[in-house]
Amino acid sequence: VSDAENWFCDCPKLYSGKLCQFATCDGNPCGNGATCVPKSRRDAVCLCPYGRSGILCSDAINITQPSFSGTDIFGYTSFLSYSTIPNITFYYEFRLKFQLANHHSALQDNLIFFTGQKGQGLNGDDFLELGLRNGRVVYSYNLGSGTATIISKPLDLTLDIHVIYLGRHLQKGWLKVDDQNNKTVTSPGRLVGLNVFSQFYLGGYHEYTPELLPKGSRFKNSFQGCIFDIQVRTSMNQEFKSPGTPEGHPSSGRSVGQCKDSPCSLIKCRNGGKCIESGSTV
């Protein structure tokens, strides 16, 4: 358990973490590879992996339209990750639809998707990302010689489902949101290729904190709502395809539900309790 500092904390039974700072998930009650997070000395919370739900992550769910719950009180984001998208260097087009869970908190500062060079925040790292900030869609990429950003007009919140189409060829990028006009940008510097090695993250990210994302991205929260039919192609002559290997299959995820389900359809209150949906509290 030691590191280069040649010390470690030998924690008593109730505690874990480098400095014994966590009341432990001793005798982990969570099933199926869930993340166990201590809530108090006597209570733990299970953050379920992709395809599982329930208090102990024991229920299997079939996810065709992922629903993301944002960033929880422990700082973990709800996300899906897919294998690295191949051949994205010089040309790509993405299209997707989304539905917001809660207009107030879901529009503040939320990541929709991200892929990067190393997946952590050195300033020169290449990255591609899409998110929401202050009610607008923000699309950014860095080919290694500076960040290009397109910001849409404010979203029309009378629309239930929003449609995004975006792309890039060499330095030139474009973004079309709903029935707004197409907007374009040209990235600075001389570099023309996007070199990314991280997985393709949808809705959030695996890391605990957004500080690990590249400078210039820094969406503080993950997405709140549903993302439908995300598709990509890396050549004009190709068909659009879902990300993942095999196609459409995430490699991992956390705290993701199926869109049409209400939270109360998954909860069975005991002793005569009645489940009431509270919505987001952020």
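Glycine is treated like the rest: Cβ placed from N, Cα and C.
Candidates considered were Cys36, Cys48; TrEMBL assigns the disulfide partner of Cys57 as Cys48. Neighbour counts of Cβ atoms within 10 Å were taken for the disulfide-bonded residues Cys48, Cys57; the minimum is at Cys57.
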